[in-house]
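Student: Handing you a structure now.
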Ligand code: ADP
């Protein structure tokens, strides 16, 4: 990682390059030049020390010395300059140092005649090795001291008059101590250099680690992104699977439930009627389970949207209680309802989902109470001019729930004990849906229970108030509607079982029914005219129900206004929207009961039907 050409760098290759360039510069140019300069200085010092009165060129000793210094300086300069970076394992500066010493001693022999202490010049050779480090400076110190000692011994031999031992010993000791001192400063230099090197290493390791962590993070991000996409795809696949499964199950369920209804309308013995009702009840339970699974998966996938609309609260809770009352039929359980007089008439709510939530709680209360009372109570916890918080409480005097199970029962597929499930039925999805719906509505659900005494579930919901409806216009006596007998219906349905079942149910309601098996035929039949209502399956071969409806809406005036009601096994909100967008007036979801068919016929033809079958 290089920051710039000369700036701070940690990259090993860059540092190595820089080091080599510095070494070439220092050892190939600076050091040789300095050494040559040093010998020049020696020549000048020698000139100054030469005996006065005799011209220098007439002093042979001086001339030899200068020639020696300049000659050696030039050769050494050339060697070092050429050898920098090329000498391989041969340590040229070290080699030359030993030769330097000899040249210095020759100089000393000449210069010391003026003053003995020129010996200290030798220290320069130690000083300029300090930069190489402690060991080398120490070695040089010893070599220099030893060299001077050898020189002193030699002088004492050849010129005893210049032995001067006391002075020379003093010089020797000082030389030794000073070279030791210089070597120690080399130690400091070495330490500093080592610290710098360590700091650079640490910084490089840090940068490497950071780079590795950044790479790890990046690959983690890629992994996470892939996992997220996989999860999304899995969730989509799950939703599609559920939608398809639900559609595929609803189609035969329509046949089963419809056939059971038709069978129930025929003369049967008591035992046969019991069997047929059992089959019908089981099929409805299966359907409820499919609805629950679908609901839960839609909520969990965030696909369930609330459709807020002004909702009559009293009507809604009445309906919920009535629905469960029907189911509780035959059990010694009384179902009560407590509403405060101050309860506002209308609120903004998704009536279907709020009713589903209450029905689930009431249904459980009745299911887990063998005898006694179940009560739905509504309280106003807080109210402003535009909003209010309501508490819906469901009390029962049933079997209760052990304390250690209270938290878990809101999880999907959780039941307190398998035996009671076998006895009471259920899938363990109801409370999970209640919890999810309450959360979706911005509320909370809680439970308190005493085993053997009963349970209390309550849901707190914030709601917006809706304005009361305009007072209804005084009732005008409605014209007597013609009997549905004679209402002409077109059923567009490709499944032969459903064709038979639905057509038969409609006939029993008093309608005349024609059946076609695809959208093109439906369109043609409507053009031919005379139908009061079309019941349109959505998925048919060739031309589907959506396209057939669009064609009907584009037909000449009379035919274009024929009411079209979808009869579809698609149960999602989006499917409903698609039907309405295609121009259909209403949507019935399979399996459809004769009561639902009757309501649709009455609504869209304006004619009363014969009574629908009751179970
Ligand atoms: P299901 O009722 O279909 O089994 P739920 O999710 O509605 O599933 O309820 C989960 C479990 O919580 C039930 O199986 C039952 O054990 C317990 N439970 C729910 N409501 C009550 C209640 N009112 N009294 C006693 N136990 C209850």
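Glycine is treated like the rest: Cβ placed from N, Cα and C.
I grabbed these lines from TrEMBL:
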COILED    200-237  coiled coil
DOMAIN    244-465  domain 'Histidine kinase'
DOMAIN    488-605  domain 'Response regulatory'
MOD_RES   537  4-aspartylphosphate
TRANSMEM  33-54  transmembrane segment
TRANSMEM  61-82  transmembrane segment
TRANSMEM  102-125  transmembrane segment
TRANSMEM  137-157  transmembrane segment
TRANSMEM  169-188  transmembrane segment
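So where do these features actually land, and what's packed around them?
Tutor: Across the residues of the domain 'Response regulatory' (488-605), the predicted structure has a mean pLDDT of 91.
Counting only same-chain residues six or more apart in sequence, the Cβ atoms lying under 8 angstroms from the Cβ of residue 537 (4-aspartylphosphate) belong to 492, 493, 494, 495, 498, 545, 566, 567, 568.
Long-range neighbours of the transmembrane segment (102-125) within the same chain, counting only residues 6 or more positions beyond its ends whose Cβ lies under 8 Å from a Cβ of the stretch, are 38-39, 42, 45-46, 49, 61-62, 65, 68-69, 72, 140, 144, 147-148, 151, 155, 164, 167-168, 171, 174-175, 178-179, 182.
Beyond the transmembrane segment (137-157), the same-chain residues lying 6 or more positions past its ends with a Cβ under 8 Å from any Cβ of the stretch are 97-98, 101-102, 104-105, 108-109, 119, 122-123, 125-126, 129-130, 163, 165, 168, 171-172, 175-176, 179-180, 182-183, 185-186.
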Student: Report, as numbers and ranges, every residue of the chain located at least six residues beyond the transmembrane segment (61-82) whose Cβ falls under 8 Å of a Cβ in that stretch; write 'none' if there are none.
Tutor: 27-29, 31-33, 35-36, 38-40, 42-43, 46-47, 50, 92-93, 96, 99-100, 103, 106-107, 110
Student: Three-state secondary structure of residue 537 (4-aspartylphosphate) from DSSP?
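Tutor: The residue in question, residue 537 (4-aspartylphosphate), is coil (DSSP, three-state).
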